[in-house]
Amino acid sequence: MNMEQEDDQVPAVAAETVPLKRYVTNPGANRDEEVAAAPSSQDTPYFDYAYERSLRHQDAKFLAMNGTQNGRDGLPSKSPRRPSVSASTVRNSDDVNHSKAGPGSGKLLNDTLQSKISSIHMPHVQQGDNAVVSSVGGPETDPGNMETTDPLFSDELAEIYLSIHKCMDMRHKYIRVSLQGELDNPIDDDSWIIYPDCKEGEDDTGLFNFADCKIPGIENEMEYHMDHQGIFQVYENDSAYIAGTPSFHIPTIRDYYIDLEFLLSASSDGPSKSFSFRRLQYLEGRWNMYMLLNEYQELADTKKVPHRDFYNVRKVDTHVHHSALANQKHLLRFIKAKLRKCPNEKVIWRDGKFLTLQEVFDSLKLTSYDLSIDTLDMHAHTDTFHRFDKFNLKYNPIGESRLRTIFLKTDNDINGRYLAELTKEVFTDLRTQKYQMAEYRISIYGRNREEWDKLAAWIIDNELFSPNVRWLIQVPRLYDVYKKSGIVETFEEVVRNVFEPLFEVTKDPRTHPKLHVFLQRVIGFDSVDDESKPERRTFRKFPYPKHWDINLNPPYSYWLYYMYANMTSLNSWRKIRGFNTFVLRPHCGEAGDTDHLASAFLLSHGINHGILLRKVPFLQYLWYLDQIPIAMSPLSNNALFLAYDKNPFLTYFKRGLNVSLSTDDPLQFAFTREPLIEEYAVAAQIYKLSAVDMCELARNSVLQSGFERQLKERWLGVDFQDIDRTNVPIIRLAYRALTLTQEIALVNKHVQPSKHPSNHDLEELIHKYDAMTGTSDPLSASPRTNDATISSRLSLHDGHDHGAFFPGLSVISERRRRKDSMASSSQDLKD
């Protein structure tokens with residue numbers, strides 16, 4: 001057995017340990033002489049290896065004797081210092097649930113899960129003859145509890161725990177201020193009215209009527225103005241604006257970068273990385289053990305559920321771009337149909353005149369017969385790997401930008417009619433499938449203020465409403481392109497163009513009525529572009545947006561902050577007015593710098609891709625603890641940045657991260673008319689996912705999505721744990737909640753007042769230990785004079801059970817004795 005395995009059996013002590021300054025070379029000699037004789041050139045805080053092993057042998061005796069006294073076959077039994085695992089202790093873990101800010105967090109272990117815990121077979125803690133855990137209460141009984149490590153490392157562990165807790169507190173601060181929490185959005189209230197209200201699978205044609213939409217007016221005197229930092233601030237009235245007192249507190253960019261620097265320092269700290277890596281390895285190993293023991297039980301549970309299987313549980317495509325919503329075959333069939341039915345329709349202005357659709361294809365020297373999948377050439381093959389520039393060209397049918405303008409743009413000479421018709425066909429497919437939902441990303445570029453009104457008019461006029469669909473607004477990070485083209489002068493103009501119309505419509509929806517109605521189906525913002533672009537640090541201190549007038553693009557962290565800050569101010573105002581709020585779900589961790597993940601951890605509700613988390617174990621562990629949503633697209637990554645077999649999706653899933661599957665760009669990556677099912681099918685074949693695994697991923701996608709809470713309850717059950725609706729066995733949900741609860745408790749326990757003995761109490765225990773053994777040398781003590789014997793003697797002596805005696809006391813006793821010896825030796829030298 002190696003040292004680490006032995007350490008796992010020794011509970012830690014929350015007490016200061018003072019490193020030794022001498023190296024023991026002969027553990028068999030008198031130790032007072034050894035300390036005095038040790039050469040000063042070999043100063044070290046550690047014992048000699050053999051000597052330390054002999055010290056720890058005392059603890060091994062304690063564990064063995066404790067097991068043989070009360071249990072069978074040497075298995076440890078319940079003791080006063082190690083409370084038995086029970087459901088009552090599980091209920092005491094509710095205080096850790098506040099640490100979660102992700103969707104569907106709430107109470108991790110409700111009554112349903114607690115009642116099911118006893119059926120989970122996890123023989124990590126042996127109990128008598130059964131040798132099976134009935135339930136797990138907290139970190140004291142968690143087999144992976146780091147408290148059981150050597151007391152020598154308790155101080156270092158405490159610092160790591162505090163660092164983790166501080167990072168989580170920073171995230172919670174930003175999420176709380178921006179109203180991105182689970183129940184912060186008014187749409188999650190039971191009184192929220194969904195219009196048009198139509199169940200999935202029902203024909204929604206003609207249900208939407210813009211005249212039936214209520215458009216409120218101005219409600220109060222609140223005003224908005226952009227401050228000198230580039231943030232739209234909301235004021236109670238003009239007097240508050242003159243006084244410079246905004247209604248809502250927005251974290252400053254200085255505070256943000258200070259917090260970001262701390263997070264980056266913590267993530268690069270060696271001990272923190274090692275600790276996080278070990279915890280993640282433990283979580284993965286625990287999952288493997290769980291599956292070995294419970295796989296067939298899960299299968300039996302799912303077979304008892306009538307009507308439900310993977311195909312008819314709700315699943316949401318949480319990351320898909322609207323301009324690539326249809327696969328190649330669908331787009332090809334649509335283009336051929338238009339060329340056949342309306343060839344003489346004027347579609348584009350070129351060379352001083354309008355061209356018909358037939359004239360456009362004549363100029364390309366193509367006929368309907370010539371068109372094929374290969375001719376379109378929109379699928380991302382091997383030539384796009386690590387070539388994001390080539391991938392962007394795949395959005396052009398036949399390599400022609402004019403065809404993209406005609407068929408895949410909302411703002412063109414035909415007002416985006418072709419794209420609207422294609423979108424309706426996809427909506428029809430979703431309605432037919434009934435159990436599939438999608439959240440489409442649609443672009444606002446920030447080039448001018450009219451973009452919002454044009455987009456809203458396109459949605460409303462074409463009646464693009466579906467009970468299966470919600471929208472996100474993606475903002476491409478293309479300031480450098482706009483600057484070089486002369487479209488904008490400073491970065492502040494981009495920020496103003498993106499957010500000012502939203503503040504206008506929040507103040508008075510009558511100024512942009514169509515935009516007001518459209519925003520009710522918008523759930524958040526996304527930040528998109530090639531993350532692998534180099535980010536040059538041109539300033540020692542970043543200027544405010546009004547002073548950012550160079551041709552270089554701001555870094556990712558800068559972009560994300562100004563999207564977050566303005567969205568935070570907007571959300572606060574919209575919630576006061578009773579309007580829906582937004583979340584930030586950017587593309588992050590697909591390529592480029594891992595620092596992007598730190599920015600997203602602080603500011604965003606969830607991310608897309610996240611494959612670079614595999615390189616930063618500390619951040620990955622934080623992602624697990626806070627259950628931050630990750631929408632992963634292995635097929636997309638396989639074509640662009642990472643081979644499918646190297647994708648960390650399966651590892652994330654095993655460890656318990658909140659992951660879901662999404663399609664990203666069906667036009668470039670999918671071959672079938674059901675791209676989401678295709679994504680699941682490939683993952684199931686490559687990773688050998690079970691039906692329960694896929695149903696759990698589908699459930700995760702619903703929880704990650706921005707659909708209204710009343711819809712989620714209809715799809716998943718009131719507490720999101722109804723096996724009759726999710727087809728996920730309660731035993732699986734109980735395992736996930738149980739493991740997460742213990743990990744959170746492990747961190748929280750070390751930032752609360754310690755229940756372990758103080759330094760003064762520890763001194764008394766050590767002196768009593770020395771006195772009762774009759775010698776200050778643990779090696780010369782009787783084999784039966786161990787921690788258990790000491791504890792029993794003290795109980796007889798003063799009538800109390802001293803649960804503070806623990807395996808490892810001999811080591812601490814030796815360290816304290818040596819410290820005292822060295823102190824007295826130093827004093828003698830001075831005298």
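Including glycine, each Cβ sits where the backbone N, Cα and C put it.
Look at Swiss-Prot and you will find 26-45 (among others) tagged as region 'Disordered'.
Residues or ranges marked as region 'Disordered' in Swiss-Prot: 66-110 (among others).
Residues or ranges marked as phosphoserine in Swiss-Prot (evidence: experimental evidence): S79 (among others).
If you look up Swiss-Prot, you'll see S84 (among others) marked as phosphoserine.
Positions annotated as region 'Disordered' by Swiss-Prot: 130-149 (among others).
What Swiss-Prot lists as Zn(2+) binding site is H319, H321, H587, D664, and the listing cites similarity to another entry. Reduced to three states, the DSSP call for H587 (Zn(2+) binding site) is strand.
Look at Swiss-Prot and you will find H321, K390, F391, N392, L393, K394, Y395, E590, D665, P666, L667, Q668 tagged as substrate binding site. Using a 10 Å radius centred on the Cβ of H321 (Zn(2+) binding site) and all shown protein chains, the other Cβ atoms total 21.
The feature active site, proton acceptor is assigned by Swiss-Prot to H609. Counting every protein chain shown, the number of other Cβ atoms lying within 10 Å of the Cβ of H609 (active site, proton acceptor) is 26.
If you look up Swiss-Prot, you'll see S758 (among others) marked as phosphoserine.
Residues annotated as phosphoserine in Swiss-Prot: S776 (among others).
Among the features that Swiss-Prot reports, phosphoserine is placed at S780 (among others).
The phosphoserine annotation in Swiss-Prot covers S782 (among others).
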Listed recorded positions H319, H587, H609, filtered to Cα within 10 Å of D665 (substrate binding site): H319
CB contacts for D665 (substrate binding site) [other CB atoms within 10 A, all chains]: 25
Three-state secondary structure, which DSSP defines for H321 (Zn(2+) binding site): strand
Same chain, 6+ residues apart, C-beta under 8 Å of the C-beta of H587 (Zn(2+) binding site), given in sequence order: D526, S527, V528, D529, E531, I607, N608, H609
Sorted by sequence, non-H319, H321, H587, D664 residues with Cβ within 8 Å of centre, Zn(2+): V320, R441, D526, V528, N608, H609, A631, S633, S636, S662, D665
